[in-house]
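Down below is the structure, laid out as structure tokens.
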Amino acid sequence: MADAEIPKPYREKMARSRLEEDERESTGQPWMLTGTEAKLLGIAGVGFFLDAYDLFIINPVTTMLQYRLYGGGHLPANLEGFVKAGANIGSVIGQFGFGYAADALGRKKVYGKELMLIIFATVMTLTTPTGQLTPDHALIYLGIWRIILGIGVGGDYPMSASVTSDRANIRKRGTMLTYIFSMQGWGSFMGSLMTIIVLAIYRHTIETDGHISKVDGVWRIVVGLSLIPAFGTLYQRLTLGESKRYEASKKLVDHEHAVGASATSSDDEDLKLKDLQKVTEAKDGKDVGEKRDSVGQEEEDVAPELLVKKPAHFKDFYRHFRQWRNAKMLIGTSLSWFLLDIAFYGINLNQNVVLQQIGFDGKTGTEWNRLFKVSTGNMIITALGFVPGYYATLFTIEILGRKKIQLMGFLMAALFLGILAGMFHRLSKAEFIVCFALLQFFFNFGANTTTYCYPAEVFPTRYKAFAHGISAASGKVGAIISALAFNTLSKSIGTPNILWIFFGCCLLGACTTLLLPEVKGRDPDVILAQQIAEERAERIRRTGRSRE
């Protein structure tokens, strides 16, 4: 929205206060961080590193449990799907719950609690009694704690996104969010690396002495290592102050009830003109509003940030998103994330199919060699596609914009999924690796990154965390569907046909992206302020006509 479209009083006040935590114009490229920005990214980014580590470590863990619980045989398909989907099932709950709480209670009161839950669930995961329970019951026990772990992991999505975007300079907002999300690649990479290192330590015990049951210790150590970054980040999260945006909302809530609430209540048919003329005083070191006889006079004295910063509640959220102009953006962020995660997690939670194609499925050699090959293959996949894709987005997101990157990512991912599906059994090992690496690259130089950034940038602050949580939860529903259905469908219709389904999801994802505006340089709080002003003006006109 051009500044010229914003009413002059609002535009002047926004020039004085753009609602960012630190709106100083920074020099250099957007990806060059100040000390404050680096500290913020350390707090939010390390947490996301941990989230990815916990989500993707389940692949090598389930491979090791084959040897510990089933003598090297496959896990039962339904239980394998449950364990792999567990964290994503919990994530849906955490994204809804923590997202709503962050808007309703404030970021400071909630931030860090999700990490405490992750730590607790990780510790309980380590207590899985593989020697005391039957193999099936041990997997069920592990899956339950993975669900609880997922609640904390899911909560970190809206929390870290909101905490970061609340404080970010608009010019660097997308870059800051991409920095955080890029830690997913490093989390996955380090999970595979740690597995390789711990397996190397156990090599003599497992391979020479023949104690294959010792893999039970390997997976517990690998999972337990995630507690190091968790404890390292916990204190900073619990002591992080509230953002200036949200702090202003708490001080001005009474003012907003008198001015903003009546302005946005479109279904109160008995609203009187005098209700719009009431303005209460709000203290923030000085008076920011006074009672006026003229509504128009009062509007000129109330900056947009006073109208958009009240803590959100569900009725207010519904009232905002029942308007199509707002609803279509929530539909767009939710559907695009849902469709992306069907394909993305369908492949990345079932990498055994890919590893088989590139010769790292661990089908030959000693038990130790098989485990080592699988872990090495996982690390190769991450290094080839995950990390480079994230950094391609990082350096271009403020140049190309989010919409172009997301559209391109969906279409290019569809292209390579189509090649893999159509030539699955004819590609050579080298051709398959190249094609799969490019697929992963365009997942991450594309929709996997932008679907995380979009909800944190397109929605106003008062609805941001909950809307982000809904969007992220929609994605995790897609991931759950893939995790639970992949193994069964691959046996009934074959892997190539599943890849064709993923191909279709990517094309549909490109279509849903068309519902979204470009958010580069866009301030959603300014746009919300204009919507409020327009609604109040329309209310006054209708009330005036009815009085006549």
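The chain as shown is numbered from 1 upward.
Note: Cβ is positioned from N, Cα and C throughout, glycine not excepted.
Keep in mind that TrEMBL annotations are predicted by a computer and have not been checked by a curator.
Per TrEMBL, the feature compositional bias 'Basic and acidic residues' maps to 1-21.
Under the heading region 'Disordered', TrEMBL lists 1-28.
What TrEMBL lists as transmembrane segment is 40-58 (among others).
For 40-521, the entry in TrEMBL reads domain 'Major facilitator superfamily (MFS) profile'.
Annotated transmembrane segment per TrEMBL: 115-132 (among others), in sequence order. Residues 47, 50-51, 54, 65, 68-69, 94, 138, 141-142, 145-146, 148-149, 151-153, 155-156, 216, 220, 223-224, 226-227, 230-231, 233-234, 237 of the same chain lie 6 or more positions beyond the ends of the transmembrane segment (115-132) yet place their CB under 8 Å from a CB of it.
According to TrEMBL, the transmembrane segment annotation covers 138-157 (among others).
Feature annotation from TrEMBL assigns transmembrane segment to 177-202 (among others). Long-range contacts of the transmembrane segment (177-202) within its own chain (CB-CB distance under 8 A, at least 6 residues past either end) are made by residues 31, 33, 41, 44-46, 48-57, 60, 160-161, 164-165, 168, 214-215, 217-218, 221-222, 225, 368, 371-372, 375-376, 378-379, 382-383, 386-387, 389-391, 393-394, 397, 444, 449, 452-453, 456-457.
Residues or ranges marked as transmembrane segment in TrEMBL: 217-235 (among others).
Tertiary neighbourhood of the transmembrane segment (329-347): same-chain residues 88, 321, 354, 406, 410, 413, 417, 439, 443, 447-448, 451, 454-455, 458-459, 467, 470-472, 474-479, 481-483, 486, 498, 501-502, 505-506, 508-509, 512-517, selected by CB-CB distance under 8 Å and a gap of 6+ residues from either end. TrEMBL lists 329-347 (among others) with the feature transmembrane segment.
Per TrEMBL, the feature transmembrane segment maps to 379-400 (among others). Residues 30-31, 171-172, 174-175, 178-179, 181-182, 184-186, 188-189, 192-193, 196, 351, 354-355, 358, 360, 433, 436-446, 448-450, 453, 520 of the same chain sit 6 or more residues outside the transmembrane segment (379-400) yet have a Cβ under 8 Å from a Cβ within it.
Counting only same-chain residues 6+ beyond the ends of the transmembrane segment (407-424), those with a CB under 8 A from a CB of the stretch are 336, 340, 343, 357, 432, 435-436, 438-439, 442-450, 495-497, 499-500, 502-503, 506-507, 509-510, 513. TrEMBL lists 407-424 (among others) with the feature transmembrane segment.
Residues annotated as transmembrane segment in TrEMBL: 430-454 (among others).
Feature annotation from TrEMBL assigns transmembrane segment to 466-486 (among others).
Feature annotation from TrEMBL assigns transmembrane segment to 498-516 (among others). Long-range contacts of the transmembrane segment (498-516) within the same chain: residues 328-329, 331-333, 335-336, 339-340, 342-343, 346-347, 402-403, 406-407, 410-411, 413-414, 417-418, 420-421, 424, 447, 454, 458, 478, 486, 489-490, each at least 6 residues beyond the stretch ends and with a Cβ under 8 Å from a Cβ of the stretch.
If you look at the transmembrane segment (217-235) against the transmembrane segment (40-58), you find at least three C-beta pairs under 8 angstroms, all six or more positions apart, and that counts as contact. Only residues 6 or more beyond the boundaries of the transmembrane segment (466-486), in the same chain, are considered here, and those with a CB under 8 A from a CB of the stretch are 81-82, 84-85, 88-89, 91-92, 95-100, 102-103, 154, 157-158, 161-162, 312, 317, 321, 330, 333-335, 337-346, 349-350, 451-452, 454-456, 459, 498, 505.
Distant neighbours of the transmembrane segment (138-157): 47-48, 51, 54-55, 58, 65, 69, 75-76, 79-80, 82-83, 86-95, 97-99, 110, 113-118, 120-122, 124-125, 128-130, 452, 468-469, 472-473, 476; these residues of the same chain sit at least 6 beyond its ends, with a Cβ under 8 Å from one of its Cβ atoms.
Panel annotation: around the transmembrane segment (430-454), residues 157, 161, 174, 177-178, 181-182, 185, 332-333, 336-337, 340, 343-344, 347, 354, 357-358, 381, 384-386, 388-390, 392-393, 397, 402, 405-406, 408-410, 412-413, 416-417, 419-420, 471-472, 475, 506, 509, 513, 516, 519 of the same chain, lying at least six beyond its termini, place a Cβ under 8 Å from a Cβ of the stretch.
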